[in-house]
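Feature annotations, courtesy of Swiss-Prot:
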{"type": "SIGNAL", "residues": "1-20", "note": "signal peptide"}
{"type": "DOMAIN", "residues": "205-400", "note": "domain 'Peptidase M12B'"}
{"type": "DISULFID", "residues": "CYS316-CYS395", "note": "disulfide bond"}
{"type": "DISULFID", "residues": "CYS356-CYS379", "note": "disulfide bond"}
{"type": "DISULFID", "residues": "CYS358-CYS363", "note": "disulfide bond"}
{"type": "BINDING", "residues": "ILE410, ASN413, PHE415, GLU417, GLU420, ASP423", "note": "Ca(2+) 2 binding site"}
{"type": "DISULFID", "residues": "CYS422-CYS435", "note": "disulfide bond"}
{"type": "DISULFID", "residues": "CYS424-CYS430", "note": "disulfide bond"}
{"type": "DISULFID", "residues": "CYS434-CYS440", "note": "disulfide bond"}
{"type": "DISULFID", "residues": "CYS456-CYS488", "note": "disulfide bond"}
{"type": "BINDING", "residues": "ASP457, LEU458, GLU460, ASP472", "note": "Ca(2+) 3 binding site"}
{"type": "DISULFID", "residues": "CYS500-CYS550", "note": "disulfide bond"}
{"type": "DISULFID", "residues": "CYS515-CYS558", "note": "disulfide bond"}
{"type": "DISULFID", "residues": "CYS528-CYS538", "note": "disulfide bond"}
{"type": "DISULFID", "residues": "CYS545-CYS581", "note": "disulfide bond"}
{"type": "DISULFID", "residues": "CYS575-CYS586", "note": "disulfide bond"}
Amino acid sequence: MIQALLVIICLAVFPHQGSSIILESGNVNDYEVVYPQKVPALLKGGVQNPQPETKYEDTMRYEFQVNGEPVVLHLERNKGLFSEDYTETHYAPDGREITTSPPVQDHCYYHGYIQNEADSSAVISACDGLKGHFEHQGETYFIEPLKISNSEAHAIYKDENVENEDETPEICGVTETTWESDESIEKTSQLTNTPEQDRYLQDKKYIEFYVIVDNRMYRYYNNDKPAIKIRVYEMINAVNTKFRPLKIHIALIGLEIWSNKDKFEVKPAASVTLKSFGEWRETVLLPRKRNDNAQLLTGIDFNGNTVGRAYIGSLCKTNESVAIVQDYNRRISLVASTMTHELGHNLGIHHDKASCICIPGPCIMLKKRTAPAFQFSSCSIREYREYLLRDRPQCILNKPLSTDIVSPPICGNYFVEVGEECDCGSPQACQSACCNAATCQFKGAETECRVAKDDCDLPELCTGQSAECPTDSLQRNGHPCQNNQGYCYNRTCPTLTNQCITLLGPHFTVSPKGCFDLNMRGDDGSFCGMEDGTKIPCAAKDVKCGRLYCTEKNTMSCLIPPNPDGIMAEPGTKCGDGMVCSKGQCVDVQTAY
């Protein structure tokens, strides 16, 4: 039988109540003081409950007053906070990797709610007093112990009463140029789901989450690994709560501290660091420790006001299921909000627009924030559901705890169970290129999962280790294409003939060289470039990289496609054997790229 405790917290007269005080979260200018006193619940007959075998109870209740009104805070231990095979890694001074599997299941991190308030929630650490936050009557309150010798005093305060370390809004570094219009999103959301899609959306999703702490952050906290661990645990407990409305469970599968040095160069340019981190996860981390998503917590100050960056709609992709977050504030709630925001991007969620709302605010996916965020907006929930149905990411369907699986595995139910490597639904519904829908096993390595679109594309092959087809890759620039009529350039195969057909139609082709020799004149109609408004004539070797000339088939004309500024040969166009156009010159293809 699970033991329950009733703890009465009495509001006491405190000499500094309501004045400014320095807490772990920062300077707080208005607060209430309470003194928790544990009172064990009694069994029938007045007999006291026996002490539990574990250090921390599975459930607890706390009664106290907020603004003079009594409330009861119900807490349940977050049993799924750590994955069953959770590990911790740090490095010796000589660079030797040290990995352990510490006993973390008897932990002190809780979720909860205010009794008789349907929409309330709470995130509490009970390791050393009560620390965290709870929602009460639509407002968020924070609680933490006061550092007073031989005292059980705690402070309760609101976010608005904390003096910000920096008034500058925190900014997500994700730049979005592919926002759908409101109209297109609305049309998509109005489509009727099939029963199978509805079941898939309702199934609980699981993300095995790996956190890396870089060397700057390690040194900032005075090389104190236990303190860093507690900070990360509290963050993940908060992140876990924020994703519950989306039916996603976040389980920490690993924590790694770069205690000797960074494993790649962490730079102030967030986009560069994100790319490096994704490559490190793909080539170094995944071969030694499985995970669905990884985040880098860093002590570096990113350029501008950026505090985080992530790829959009990239969950389960080996080099893109990552995000980077700056540990920019002592307040755990702020950094945890950024971690949640960036993981939201990985789950296909864009930044909220002005029309997106959530209660209480601010919304998690706002691009700029100065306060902790606790709720996803209706826009975010809709985009997440659309991402699930569109991309069907496989890695979030397997439960991290094998003990939770009690029913026999069924191939085709979208749930990765014992004996299965993947599950993409029925063969008719499966949209995974590297999962065998009939066997629920990964397709073998070298199985083609994406055909080459043309000469300048490359086919993609399954890895045999994932249900996802690898990221689309291209032929290198300069690779011959279209029967040696051109050379690949940024996915295309530019040729003078194709340029004429595109501009004038299928009855046209490129003109003979005699027409291009006119480009040596450098007049209004024929030139290779411009400098300070003056047209520059072409050198003899560069004439095919200047003004474009086309000829109607079965004629001898030299036509210039109509354009006031002239149509020039496109960059990368073949201008001779082993030669391509670059900035109005015909250069060797080997040196051009």
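For all residues, glycine too, the Cβ spot is worked out from N, Cα and C.
Taking the domain 'Peptidase M12B' (205-400) as a whole, pLDDT averages 93 in the prediction.
Most other Cβ atoms within 10 A: among the disulfide-bonded residues CYS456, CYS538, CYS545, that distinction falls to CYS545. For PHE415 (Ca(2+) 2 binding site), the nearest of the recorded positions CYS356, ASP472, CYS528, CYS581 in terms of C-alpha separation is ASP472. Rounded to a whole number, the C-alpha distance linking CYS575 (disulfide bond) with ASN413 (Ca(2+) 2 binding site) is 56 angstrom. Long-range Cβ neighbours of CYS488 (disulfide bond) (same chain, at least 6 residues apart, Cβ-Cβ under 8 Å): ASP455, CYS456, LEU474, GLN475, ARG476, ASN477, GLY478, HIS479, PRO480, CYS481, GLY572. Within 10 Å of its Cβ, the residue among the recorded positions ASP423, CYS430, LEU458 with the fewest other Cβ atoms is LEU458.
ILE410 (Ca(2+) 2 binding site) sits 22 Å from CYS316 (disulfide bond), taking the C-alpha atoms as the reference points. Distance noted between the C-alpha atoms of CYS440 (disulfide bond) and CYS422 (disulfide bond) is 5 Å. Each residue in LEU397, PRO409, CYS411, GLY412, TYR414, VAL416, CYS440 lies on the same chain as ILE410, ASN413, PHE415, GLU417, GLU420, ASP423 and has a C-beta within 8 Å of the C-beta centroid of that Ca(2+) 2 site, without being one of the site residues. Annotation for CYS356 (disulfide bond): spatial neighbours CYS363, MET365, SER377, SER378, CYS379, SER380, criterion Cβ-Cβ under 8 Å with sequence separation of six or more. The recorded positions close to CYS435 (disulfide bond), defined as a CA atom within 10 A of its CA, are ASP423 out of CYS358, ASP423, ASP457, CYS581, CYS586. If you take the C-beta of CYS358 (disulfide bond) and look for same-chain residues 6 or more apart in sequence within under 8 angstroms, you find ILE364, GLN375, PHE376, SER377, SER378.
Annotation note: ASP472 (Ca(2+) 3 binding site) sits in a coil segment as assigned by DSSP. In terms of Cα distance, the recorded positions that sit within 10 Å of CYS434 (disulfide bond) are CYS422, chosen from ASN413, CYS422, CYS538. When the disulfide-bonded residues CYS379, CYS581 are compared by the number of other C-beta atoms lying within 10 angstroms of their own C-beta, CYS379 comes out lowest.
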